[in-house]
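For reference, the structure is listed below as structure tokens.
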Amino acid sequence: MKNDNASNPCNQMILKQAFCTMVVQESQDTKLTQSDSVCPSQQNRSNTSLSQFSGSSQHFTSNENIYYEPEEYTETDFLLPNQLYGRSRLTRSPQPKDANVSGAPEESICSMVVQILVPFLLAGLGTVSAGMLLNIVQSWEVFQEITEILILVPAVLGMKGNLEMTLASRLSTAVNAGKMDSPREKWMLIAGNLALKQLQATVLGLLASLMASLLGWMAEGQMPFNHIMLLCSTSVSTAFVASLLQGIVMVGVIIGSKRIGINPDNVATPIAASFGDLITLALLACFSQWFYSFIELYPYVLYLVNLSFLCLIPAWVAVSSKHPASEILLHTGWEPIITAMLISSIGGVILDKTVLDPNLAGIIVYAPVINGVGGNLVSIQSSRISTHLHLKHSPGELPVGRQSCSNPWHTFFGSGANHRSAKILLLLVIPGQLIFLHAIHLIKGGHTLPSPLFTIAFLFASLIQVLILLCMADCLVHCLWRRGKDPDSYSIPYLTALGDLLGTALLSIAFLMLWCIGDSGSV
């Protein structure tokens, strides 16, 4: 009878299903569901069992009763626990390179161009609007009396690279890796990252204002204390409000792009910058003028504003520490954004000194355009390379032939999708900047046209800037990955800050050369 029962097909199926069942213990916050199992008669069993990890101690069990000790989170760990993220957390064995484990949409050259082009043009028009707005507000009383506000401009506008674009890159990687499928984990991840971003915006705004005050004091030899307080209040308020608004928009864009099947790496970072410059600059101008009206009669308002934002810091720390991914960045994510802020402040000094010269004052319209376009394009490339490394390679492991950065032209010549995107991004520079120059001409009223020499100089400066940035992105992202650093959190702040510095410097040189040869820049 036992042999008959054992040979019964129904009983065999029950035994096989029981043998294939894997039990996963519930962690502190998350309970992973059982993966789709297959019968040994249909497919060889994998050597890797489903793993689950968190910051707390836990057990891993399988039908072999093997015990595994969890690992602590590191900067390059995955944003959410998922066993199909390129390799096993237990064996560190890579998945097949051609396996479609990420769920990222396949891209043709045509789809890549379309996905990049639309947000790129929107972002460019946003920077054009920011440049025109900056040209208007520079004549306001507060900008005339406290010229150090111009030093704040590149640093505050650069926060979209430090914060918004970094958030977009991290969440884009999570989406492409299938890490935002669980609603509870998705919103925990989003809440942790948004709280972390508000904390970083508050601290960066304060540091940027102190840096602008220091540079202003070094240049002029004096700096009234009420001016320092106005710079602090303006910078912190602008950074906080702009970061909150753009963060909410960013989350909606990434979730929406996932639902309609668009690669968020192509659209998230430029959309993060599309109207980020305009919104941030408008807030900076309004807050500075508003606080300037209180500086004589009600100076205590400035103290209360600064104090209120500082009192919110413990709340942001508490919320961001709830998720392990944002908790890691809470301790390790300050170096790149603070360094980037310092680099952008140097660009602000160049802009401030250039604008003070009446012969070079026209640079203020074009500086946000060249800086914004360069930052937008390099952030796309950085995000794409970072996603590729997260999906295909272990931390510290580099693709074949990428062990060094001795050949910068490798960025543009190769068979991979990232090589194609680098060439596409570089080819977008000249037609894109021509469109933006024409838009500036129309907004000005169309009374004058940019001179041929000015157009050539502007396009050449922009092309050199983007060429250098794309080569640096390819080298920097791979170097960070080799050292175990997460490129999503480290690369974009450095690259956008260097883009601001390069763009402002190259544009200043172009304006200076045109002035030396007697070209007014318009006809």
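Backbone N, Cα and C define each Cβ position, glycine as well.
Since we're looking at a predicted model, the values are computed, not measured.
As recorded in TrEMBL:
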- 32-58: region 'Disordered' (REGION)
- 153-285: domain 'SLC41A/MgtE integral membrane' (DOMAIN)
- 194-216: transmembrane segment (TRANSMEM)
- 228-255: transmembrane segment (TRANSMEM)
- 267-291: transmembrane segment (TRANSMEM)
- 297-319: transmembrane segment (TRANSMEM)
- 328-351: transmembrane segment (TRANSMEM)
- 363-380: transmembrane segment (TRANSMEM)
- 368-508: domain 'SLC41A/MgtE integral membrane' (DOMAIN)
- 424-443: transmembrane segment (TRANSMEM)
- 455-480: transmembrane segment (TRANSMEM)
- 492-515: transmembrane segment (TRANSMEM)
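Counting residues 6+ beyond its ends, the transmembrane segment (363-380) has Cβ neighbours under 8 Å at 116, 120, 123-124, 126-128, 130-132, 134-135, 138, 154, 157-158, 160-161, 165, 168-169, 265-266, 269-270, 273, 277, 281, 347, 351, 354-355, 421, 425, 428-429, 432-433, 436, 440, 458, 461-462, 465-466, 469-470, 472-473, 492, 495-496, 499-500, 502-504, 506-508, 511 in the same chain. Counting residues per DSSP class in helix, strand and coil order gives 118 helix, 0 strand, 15 coil for the domain 'SLC41A/MgtE integral membrane' (153-285).
Of the recorded ranges 194-216, 297-319, 328-351, 455-480, 492-515, the transmembrane segment (228-255) has the largest number of C-beta contacts under 8 angstroms with 194-216.
Touching of the transmembrane segment (328-351) and the transmembrane segment (492-515) is concluded from the presence of at least three CB pairs under 8 A, sequence neighbours closer than 6 excluded. Sorting the domain 'SLC41A/MgtE integral membrane' (368-508) by DSSP state (H, G, I as helix; E, B as strand; all else coil) yields 108 helix, 1 strand, 32 coil.
Outside the transmembrane segment (297-319), and at least 6 residues removed from its termini, the chain residues within Cβ reach (under 8 Å) are 191-192, 195-196, 198-199, 202-203, 206, 226, 229-230, 232-233, 236-237, 240, 291, 330.
Residues 366, 370, 373-374, 377-378, 381-382, 385-386, 389, 398-399, 402, 405, 408-412, 418, 422, 425-426, 429-430, 433-434, 437, 486-487, 490-491, 494-495, 498-499, 502-503, 506-507, 509-510, 513-514 of the same chain, all 6+ positions outside the transmembrane segment (455-480), place their C-beta atoms under 8 angstroms from a C-beta of that stretch.
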